[in-house]
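What Swiss-Prot annotates here:
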- 475-644: domain 'tr-type G' (DOMAIN)
- 484-491, 530-534, 584-587: GTP binding site (BINDING)
- 530-533: region 'G3' (REGION)
- 584-587: region 'G4' (REGION)
Amino acid sequence: MASNNVAQFAAELKMPAGVLLEQLQAAGVQKASEDDALSETDKARLLDHLRKSHGATDGDKRKITLTRRHTSEIKQADATGKARTIQVEVRKKRTFVKRDDVSETGADQAQAQTDEQAEAELKRREEEARREAELLEKQAQELRERQERLEREEAERRAREEAAEAERRRAEEEAAAKRAAAAQAEAAQQAAAAREQAQRAQSEPAEQSAQDEARAAAERAAQREAAKKAEDAAREAADKARAEQEEIRKRREAAEAEARAIREMMNTPRRAQVKAVEPPKPAEPPAAKAAEAKGTLHKPAKPAGEAAAARPAAKKPASGAPAPAAAPAGDRTKKPGTGKSGWQDDAAKRRGIKTRGDSSGGVDRGWRGGPKGRGKHQDSASSFQAPTEPIVREVHVPETISVADLAHKMSIKASEVIKVMMKMGQMVTINQVLDQETAMIVVEELGHRALAAKLDDPEALLVEGEIGSDAEQLPRPPVVTVMGHVDHGKTSLLDYIRRAKVAAGEAGGITQHIGAYHVETPRGVVTFLDTPGHEAFTAMRARGAKATDIVILVVAADDGVMPQTKEAISHAKAGGVPIVVAINKIDKPEANPDRVKQELVAEGVVPEEYGGDSPFVPVSAKTGAGIDDLLENVLLQAEVLELKAPVESPAKGIVIEAKLDKGKGPVATVLVQSGTLSRGDVVLAGTAYGRVRAMLDENGKPTKEAGPSIPVEIQGLSEVPGAGEEVIVLPDERKAREIALFRQGKFRDVKLAKQQAAKLESMLEQMGEGEVQNLPLIIKADVQGSQEALVQSLLKLSTDEVRVQIVHSAVGGISESDVNLATASKAVIIGFNTRADAQARKLAEANGIDIRYYNIIYDAVDEVKAAMSGMLAPEKREVVTGMVEVRQVFKVPKVGTVAGCMVTDGVVKRSSSVRVLRNNVVIFTGELDSLKRFKDDVKEVKQGFECGMSLKNFNDIVEGDQFEVFEVTEVARTL
């Protein structure tokens, strides 16, 4: 979401709007309220201000990289015990950056971290800034309390020191005065006693008063000096405390501002170099302090005051002890040339003291960050922290997705997805493709949100292109489809209009392809589509109705409304296309146009004279009667429709028919619906794409361009497109290839996913059905529409016992690969208007493959139907040949029971089966064991003769039983 005002920008940065207004005013951007507009320039000025306040500089820093290489040899024994000398080369690389002079301002004195540290700490800086702000808040509170205590203690200490100093000076003055008095006394002793006594008596009071006056003056001066020093110390301590509080406040504000700046920079695409704020450091050992105070070649030393101000803030406040006074930096200096400071790792200089806890919240942890992590490198950028709560992800699930990709989207292992699917009762592998519904169930099962979406679908660009086209709409010719039942004269009617003879050259006198022609009439151009009338070409007729503007429904006057006539009416009504009825064959004596009208009214097509909206025109394709009236009505309907299409725009159309020509390659008949198709255009048709190399009209003549409603044949596609596919002209062949490959993969993945989902169901169906005969077929046709119609017609022949299995169907001639496939699958090859080449014929003869050629769809369907009938199991029927009555029963040793019988009806044969009836109830069914007349075995006994009969495995024969004699015959079945 683009932030247009201060309030929106503050919500985006997750900070109060008032704080943002203060920062904007500090940056020189005058914004008074939250509703003020905010431009990109204002944001840039705010970012520059924040960077400068954090110490970022624009100047390039000079740096030098030094590499040291050291080679040594070591000897090591291998597995055989033999000593080997190994060359070991150690390379060390250090980068030194020249910093600014130490005497510059505080922003220039701050140490800029190296690029590697900045990149590593950029990701965790926001969390660290928050922790540092909380820590600084605590430290500020405790610092204020400690500072007050320090001020009081410092004032008392200095007062005591001043008082002691004044007392010492006063004692020295008294001692000096005493020594002077003693010297004078010694000099006076040499004089006369009288005079000395007199002088002593006179000078003693004066001397005492002088000493008292000098002592009082010295005390007053000492008190004034002590008070002045105490006042200076208190003022200095207060200034220092205020400076430290101001520094803490600035650092807290800087940390918060830096966190906001980091959030903004993480959202921007370009990489912004932000100078990192130096985090507070714990107290350091003397060696590290000396190195820091002096500085190295690439790290300047800090001033003593700054180091002393930074140390109390980083020390743990719970200790309660006052901070030690900062010693002068010059007392603990270390020369750069001594030791290993030039090649030593920076982390050695940042080694902290041992503490019971980390007061910095993990901000300052380096190579040896804590007491238990000594010697271990824990890089915070690469260390993993387990989430405290489960992460719910939004998973975009395409139409098909593999198990591995689905697991990757959820950031889990593929084995977890496989486990869940096993619990759901489906065994999958890591590379198996799942359909969208199954994948979404798995995502929900694992606790994530599943969204059905098409990510990176290149076809979305096509929709955007359609919306953006605003070319001028111009009138276009109408597209008229001729539909009707087979043999009702559709092609003959078009032949008369076009003055051509297409019908005479068609196999069997029927149309088996969809044809496209355009005819110039005195009133304009009309494009005709001729569709087949056979029931097998339903899909072809549906495509014709989809691409048309007007339908001419041809009905034979002597035949009336037939099944395909009704189907054509339903296609036209489904497409919302007006119908013009042509009642053909009115020249025949048995023609009855009135009956045709009544039948069409029953189907919902009402003529104009009956109050409907469908013109009925009686015509004769043989004599030409009524043809002009038919064209007049068609053009009248076209004027009412006001057909328009853009001309000066990329072409769009539909594939009417497609085929594979041996010399030309894939050829597609395209009806242009809008725009202009030119030679050299890049076209996309379904999964096929390519550049138009050649373009022919319906007469086979080359043409350079085709406008709306004009049918043309184009060459140059990558493969044979599907009939009915939409044709689009694209400006870029790379984009066309991308969309075509995407469609191919999508079609293949969806097909595989559906096959996988239906495996279990089909397995159960086959188990329930038992043994089913399969007739494998390979179908090669001349055009896509014929191949589609033939496949659908043959699949309809399948029954519960015999099933047609289409192993492969395609457009083009029969090749060696087709014969090899037929050999492997034991299939029969059917060529519809195609032939096999020489190599394929030789291979088929060698392998015994049956190749059948047809040019009429009836013949192909009938022969396949006959072959399937031969595969059916024969039907067994029982035929009763005679009836026998038992007159007497004989018990014969070693033979069994023999019945003396009379043949009452028909004939009894030795090979017949017998059914025993007792009281008209069947009690046994079996075979004859013997058939005798007197003592001779006979083959048959006719009606009216007596015979003796014995049955296999049945001796319970009673007088009065009847034997029904029958034979089982097998009858061939048909579909």
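Yeah, the Cβs are placed from backbone N, Cα and C, and that goes for glycine too.
Feature annotations (Swiss-Prot) mapped to structure.
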residue	record	CB count, 10 Å
G484	GTP binding site	29
D487	GTP binding site	16
K490	GTP binding site	30
T531	GTP binding site	29
I586	GTP binding site	21
Helix, strand and coil counts within the region 'G4' (584-587) (DSSP): 0 helix, 1 strand, 3 coil
PLDDT averaged over the residues of the region 'G3' (530-533): 67
